[in-house]
Amino acid sequence: MFTLAEVASLNDIQPTYRILKPWWDVFMDYLAVVMLMVAIFAGTMQLTKDQVVCLPVLQSTVNSKAQPGTSGKADFTTVETTTGQVEEASMRTVSFGSAPTVTPDIPLSRATSSQYQPTESGQELKKEQKDSSGRKTNLDFQQYVFVNQMCYHLALPWYSKYFPYLVLIHTIILIVSSNFWFKYPKTCSKIEHFVSILGKCFESPWTTKALSETACEDSEENKQRLTGAQSLPKYVSTSSDEGSPSASTPMITKSGFKFSADKPMIEVPSVTILDKKDGEQAKALFEKVRKFRAHVEDSDLIYKLYVGQTVIKTVKFIFILCYTANFVNTISFEHICNPKVEHLIGYTQFECTHNMAYMLKKLLISYISLICVYGFICLYTLFWLFRIPLKEYSFEKVREESSFSDIPDVKNDFAFLLHMVDQYDQLYSKRFGVFLSEVSENKLREISLNHEWTFEKLRQHVSRNAQDKQELHLFMLSGVPDAVFDLTDLDVLKLELIPEAKIPAKISQMTNLQELHLCHCPAKVEQTAFSFLRDHLRCLHVKFTDVAEIPAWVYLLKNLRELYLIGNLNSENNKMIGLESLRELRHLKILNVKSNLTKIPPNITDVAPHLTKLVIHNDGTKLVVLNSLKKMTNVAELELQNCELERIPHAIFSLSNLQELDLKSNSIRTIEEIISFQHLKRLTCLKLWHNKIVNIPSSITHIKNLESLYLSNNKLESLPAAVFSLQKLRCLDVSYNSIALIPVEIGLLQNLQHFHITGNKVDVLPKQLFKCVKLRTLSLGQNCITSIPDKISQLVQLTHLELKGNCLDRLPATLGQCQLLRKSGLVVEDHLFDALPSEVKEVLNQDTSIPFANGI
């Protein structure tokens, strides 16, 4: 036999799994334990007590009992004799009032033959009765034992013999069915993971903190907050939209709960501010919950398995009830036994008593009662399983009671597990929902971020940019640290790849802030913060993937001077471009758009009267429609780069105030339209570099005020004399063409300061070149020059000389007379420099400050 402890271990599960045991499962477990006790008690009694006790039935008694109505039934009837037959010696009755007397000394043959002898006289019978206390049966002890064993197997019904074992087997099957979903590998792993995460979520200090903050908020205030948020303009976003409390709001300590498998224990959190370790654990929990949800929500195996095992238990209950009810009456105290061993014992029939019958019958009735209760609970479980959709779980109540209105509903096995947990304690799912909310996760990130990025750490990241302004660049953070807004002397703030950036009212402390960069950072601002930015911000850079990422409040910064937009603004999205609101930017002077436009959006013309500089950098998309440029009468600088232009747009000729035109990286082949530039009296800089221009028309002489001409990276083979008639020309760049000769007319450019002809086919330098005594930069690299004239000494203002990549054998010693030239500004092969006289090298190696700038 099994011991109670061994059998009960089948019902033993991990204590933490109890949160997934609803009341009916717990109740059924207790019923199973009681049924086990019934089985073990009945089995123990069968082992410790005699099975059956049998006595022989005399022949006369058998005849007298063979009356109609008995029909061989096993009901025991006391054998009695009639009044007239009491004195007859031929009628022998067996008295059960006292134990029969066994006479082993009487031979079996004698006992057998005595049954057929003539009856003695009445006086002899009376004398015999006075001498003996019972009826002699001529059977010894071993024969009784033999008969008892045979009759136990022949006369006793099978259910009476195996009842304890059947109860034990049925109970074990029910226990296994109840706990199979905890043991099956494909469900056990998910359940174990779920219980582990649930326990950690319940115990996490972040859960207590988040729910405590929620409890601090009054429901009416929440309604007013939501109503107010809806009434604000689209560009306004308050911190309460994300459910985050104000920095000045005191934290109210709320009693939390500590996870326990049996019963939640109430505890009061000591602090409401998370330390770094708790914050990291909470962030890890958010990630675990996210991955677990993705893993569990894609199937409903746990739900199906639980339904299946409940159906099996119900079918088992019906089966046990049906066949057990038929055997209640078979358990009887008396039984008739015909062992058919007359040749051994001399008797053909025995009457037996089953000593355990009474107790077994009571135990059977108790067992049937337990099974009925068990079955009704199974039926209730099935009703619960199919009454509501358990593969869907809604956090609607939690959303209503908390500020985490974004807790998503879940489905499939994830939903079923939460339904099961609710049967244990609904507080578990409420605290678990905190880790399904993105708002909650963002709050946690904000707190952790503020712990990590202190004022001192941020101060260390402040640097000076090229404009000598204090700049802070924050990259790939979870949010904007609060300490940023304590850097009151900051001039430039760059926020890059910060998806949850929020600009609070504290930004009003940064009185020096005039430039803001938002790189893939759709920042949200509070009303007060927006008012500050509207009045103080002068320069804004916005980099985005889709136009919808541009914050709407950008177009309402009325005092903005410079706006840089970098991202996708194709024709499909032009309809939704917020540029239509640019009319509000009445002080905008510079608009820089780096995108893939097919036409200049008409909305840009809304601010055309204000613009002084327009830059459009396409990614190779052909810019077709340019008529709107005519309205930009105040534009002084225009850049149309990488727009696949094949000719100079005619609309440009209407820009009377244009001073600088840059048509870099297009497909321009001819510039005959350049004659129309004579109407642009203020044009001083023309950049036609990185195109396909073959020649320069002589009409370029009409651009009298031209000071800078960039024609590098084209297909020029010569320089016309007309170029050198531009007396105001200070910079000429014809690098990376196919020019073989520098015209002698170059000497006419007395104001030339920068001449670049790198990457051509020049082999000789004309002496007239050195008449340009104002030259500061002379780039002659990657040509075929064999010698440098000594007259280079006339270029006394030369600060940069590039000669690398030519066919030079030596450098002229007169280089030492170029007073401002130093080794750092001399780009030449090392061996040529080493060949210079030592006094020249000493002059070039002098470390003196250069009073002139290298650039224009």
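The backbone N, Cα and C atoms fix where each Cβ goes, glycine too.
A quick note: this is a predicted structure, and the numbers were derived from the prediction, not measured.
So that you can see what the record holds, here are the features copied from TrEMBL:
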DOMAIN    1-382  domain 'LRRC8 pannexin-like TM region'
TRANSMEM  27-47  transmembrane segment
REGION    97-134  region 'Disordered'
COMPBIAS  110-122  compositional bias 'Polar residues'
COMPBIAS  123-134  compositional bias 'Basic and acidic residues'
TRANSMEM  162-182  transmembrane segment
TRANSMEM  364-386  transmembrane segment
DOMAIN    678-757  domain 'Disease resistance R13L4/SHOC-2-like LRR'
### Query
Can you name the far-off residues of the same chain, 6+ from the ends of the transmembrane segment (162-182), with a Cβ under 8 Å from a Cβ of it?
2, 7, 10-11, 13-14, 17, 20, 25, 28-29, 32, 35-36, 38-40, 42-43, 46, 188, 191, 302, 305-306, 309, 312-313, 316, 320, 331, 360, 363-364, 367, 374
### Query
When DSSP states are grouped into helix, strand and coil, how many residues of the domain 'Disease resistance R13L4/SHOC-2-like LRR' (678-757) land in each?
17 helix, 12 strand, 51 coil
### Query
By a Cβ-Cβ criterion of under 8 Å, what residues six or more beyond either terminus of the transmembrane segment (27-47) are in contact with it?
1-2, 4, 7-8, 11, 21, 161, 163-165, 167-168, 170-171, 174-175, 178, 313, 356, 359-360, 363, 366-367, 370-371, 373-374, 377-378
## Note on the structure
Over the domain 'LRRC8 pannexin-like TM region' (1-382) the mean pLDDT stands at 67
